[in-house]
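Asker: Please see the structure below; I have some questions.
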Amino acid sequence: MRRKAETTLPKWSLVVEIARKRLERQIVRIAPGLLLALCIASVAFLLHLLPGLNILSPLILAILLGILLQNSVGVPIRCHPGIKFALKRLLRLAIALLGLQVSLSQLHQVGIIGFLGIAIVLVATFGFTCWLGRYLKVGKALTYLIAVGTSICGASAIVAMAATIDNSDEDTTYAVGIITLYGTLSMLLYPLVLPFLSLTPEAFGIWCGSSIHEVAQAIAAAFQFNSVSGELASIAKLSRVLWLAPIIPIASTLYARSQTASNANHPVCSVVPWFAVGFVALILLNSWGLFSTSLKTNVGQANLLLLSTAMAAMGLETRWRNMQKIGLKPLYLGALSWLFITVLSLGFATALY
């Protein structure tokens, strides 16, 4: 037995040594690109603090800075492995960690009827956008990205969807740009039309939370009425984030089945990504009160940096000439989808609140 243990130990030490060297090579390989994306994300955080730019989230600013750098001075080849790492591994981890921001107790705050109403608006908007994308002959991948971005939660939903389907970085960037444009318009226009609509604070908050694309945009618009509107907008918006869990796997399945005839019987379980499972698991654990408020706050801030780093990497992979080839049809699709969710959610908020 002793002789067997003596012969086994060197084998294990050899395995550990090989793994250590492989890890070192991998770190050296991805470090330049990962550090570049992280630096861009850090600059985006600083820009977000400036007056006038604070209406844009660090995610949006990071992708814009990445695009600017790629299309002005370019990116060294040695940075590409780290950029790919941020786009794939880092992004998936960040999406899973979003589950810490959501709990099932939020359903009680908007009420079952309110939650179901938000769900109807979300599903109807997703279906309408997919149908209209086919009618306008917009690429299927880009259509799905615009659909989830408009109906669920903006850039976070887009990058989650992009991680499960075949699409170009230009498609993802274009979709994020469209969602940012119309979400910003909502944030600016909703308070301006408020005096003509005679909405209650509750109705205005639900309207903002159930229709505006980005969380920061929805909250910024709603708080211009009062604190009640702002709080309800936050809850309604996070209720939409809950739908990332079922919508992303279902949409991925529909996309896979539509691509080739061989995928006609594509099972849902085969396209459920691990980060979606992690997202749901963290929602459930958070709902049971297993995480302290300080922990969730700290992880939330760190996760925002992870997401911004991934978005910076996406910008660094985006070439403006490729985006120009996509054309204006997706812009029209985003506009009509934006009008659809705006009107439908306004009717829902007015009827129930």
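Yeah, the Cβs are placed from backbone N, Cα and C, and that goes for glycine too.
Those TrEMBL annotations? Automatic predictions, nothing curated.
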Asker: Among the residue ranges 224-242, 300-318, I'd like the one that TrEMBL describes as transmembrane segment.
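Answerer: The listed stretch tagged transmembrane segment in TrEMBL is 300-318.
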Asker: Are the transmembrane segment (330-352) and the transmembrane segment (175-197) close enough that 3 or more Cβ pairs fall under 8 Å, when only pairs 6 or more apart in sequence count?
Answerer: yes
Asker: Counting CB pairs under 8 Å, which listed stretch among 30-49, 112-132, 300-318, 330-352 touches the transmembrane segment (55-77) the most?
Answerer: 300-318
Asker: Take the transmembrane segment (330-352) and find every residue of the same chain, 6 or more past its ends, with a Cβ under 8 Å from one of its Cβ atoms.
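Answerer: For the transmembrane segment (330-352), the nonlocal Cβ contacts are 113-114, 117-118, 120-121, 124-125, 128-129, 132-133, 136, 138-139, 142-143, 146-147, 150-151, 174-175, 178-179, 181-182, 185-186, 197, 199, 203-204, 206-207, 210-211.
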Asker: Out of 30-49, 89-106, 144-163, 300-318, which stretch has the largest tally of CB pairs under 8 angstroms to the transmembrane segment (112-132)?
Answerer: 144-163
Asker: Would you kindly list the residues that approach the transmembrane segment (300-318) from elsewhere in its chain, counting only those six or more residues past its ends and only Cβ-Cβ distances under 8 Å?
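Answerer: Residues 33-34, 36-38, 40-42, 44-45, 58-71, 75, 79, 83-84, 86-87, 90-91, 93-94, 97-98, 100-101, 155-156, 159, 169-170, 172-173, 176.
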